[in-house]
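Have a look at the structure below before the remarks.
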C-alpha cells in the first residue's frame with residue numbers, strides 16, 4: 001500500500017492520462033463539422049445538374065417547346081420522367097408480345113374463330129359476305145391492298161414531280177434546258193415503271209444531294225445502250241438545229257434605227273437643204289440623203305456631208321408644196337456700245 005501519494009498528485013496523474021484522449025477526438029469532430037456544408041453543397045449541385053438534364057431529355061422526348069416549359073419545378077420534372085419511363089415500358093412489353101410466336105398464334109386462332117362466326121350470320125347477301133370475308137382475311141394476313149396502292153401512287157407522283165424541270169425564267173434558259181435534257185419531256189410513266197420514248201426503262205434514284213436522277217439498269221444489253229446513245233444524239237442534233245433556225249430568223253428581222261431629235265442647228269440645216277431641194281420640183285434624178293448620225297447631236301451645218309443612199313423618182317407634187325417660202329430677216333442696227 002502506497003501512503004505517500006496525496007490527492008493533488010492523484011488528480012495530476014489522472015489529468016495527464018485523460019487530456020490526450022480528448023485532444024485526439026476534438027480535431028476529428030471539427031473536421032467533420034467544417035466539411036459537412038461543403039459536402040451538402042456538392043450534393044445539392046449534383047441533384048440540380050441531374051434535374052436539369054432530366055428536364056432537357058423529357059422535353060425532347062415528349063416533343064415540347066423548351067421555351068414554354070423553361071420553369072419547371074423539381075416535382076414536375078420527376079413526375080414527367082416517371083410517366084415517360086412507364087410509357088416506354090408499356091411499349092416494350094407490347095412489342096415483345098407482338099413478336100412472341102405463341103401470342104401471335106393465339107391471336108390468329110381467335111381471329112379465325114371470329115371470322116367463322118361472322119360467316120354464319122344470317123340475312124347477308126352472298127356478294128356482301130364474300131367482300132366481308134375477303135376484308136377480314138386481308139386484315140389477318142396484314143395485307144392492305146388499297147392503302148398500299150394509294151401510298152405507291154403518291155410516291156410515284158412525288159417522284160415524277162421532282163423529276164420535272166423547273167419552269168424557265170427566260171426564253172434563253174428554256175432553249176438551254178431543252179438542249180441539255182430533251183429526253184425529260186418524253187418520259188412515259190406506267191404501272192411497271194418509267195420508260196423513254198424509244199422503250200428503254202429507267203430507274204429513278206435518289207442522289208446524295210437529295211435530287212432524283214433517272215439511272216439505266218446495270219443489266220442493260222449493249223445493243224440497247226447503243227440505241228439509247230443514238231436516240232440521245234438525234235435529240236441533241238434536233239435541238240441544235242432548232243436553235244440555229246431561231247438565230248437565223250432573228251438575224252433576218254429588219255433593224256430599226258432611231259431618228260435624232262431636231263435642234264436649232266439641225267432646223268437651220270434642214271431649211272437650207274429644203275431650199276435647195278425645192279428649186280427643182282419636177283426633176284426625176286433627185287437623190288435622197290441619209291439623216292445625220294444620232295451619236296453627234298450638237299454639230300454645225302457646215303460639217304454635214306450627206307451620203308447618197310439610193311435614187312427614188314419623185315412624184316409630181318402640188319404647187320403649194322413646192323413654192324419656196326421667202327423669209328424676211330430684219331436687219332439689226334449696228335450699235336458701237
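We number each residue from 1, going along the chain as drawn.
Glycine is treated like the rest: Cβ placed from N, Cα and C.
These numbers come from a predicted model, not from an experiment.
If you check Swiss-Prot, you get these features:
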type	residues	note
REGION	29-48	region 'Interaction with Topors'
DOMAIN	31-88	domain 'bHLH'
DOMAIN	107-136	domain 'Orange'
REGION	146-178	region 'Disordered'
REGION	259-311	region 'Disordered'
COMPBIAS	263-301	compositional bias 'Low complexity'
MOTIF	334-337	motif 'WRPW motif'
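The average pLDDT the prediction assigns to the domain 'bHLH' (31-88) is 88.
Summarised by DSSP class, the composition of the domain 'bHLH' (31-88) is 46 helix, 0 strand, 12 coil. Sequence-remote contacts of a segment are chain residues at least 6 beyond its ends whose Cβ falls under 8 Å from one of its Cβ atoms, and the domain 'Orange' (107-136) has none.
Residues in the domain 'Orange' (107-136) partition by DSSP class (helix H, G, I; strand E, B; coil) as 24 helix, 0 strand, 6 coil.
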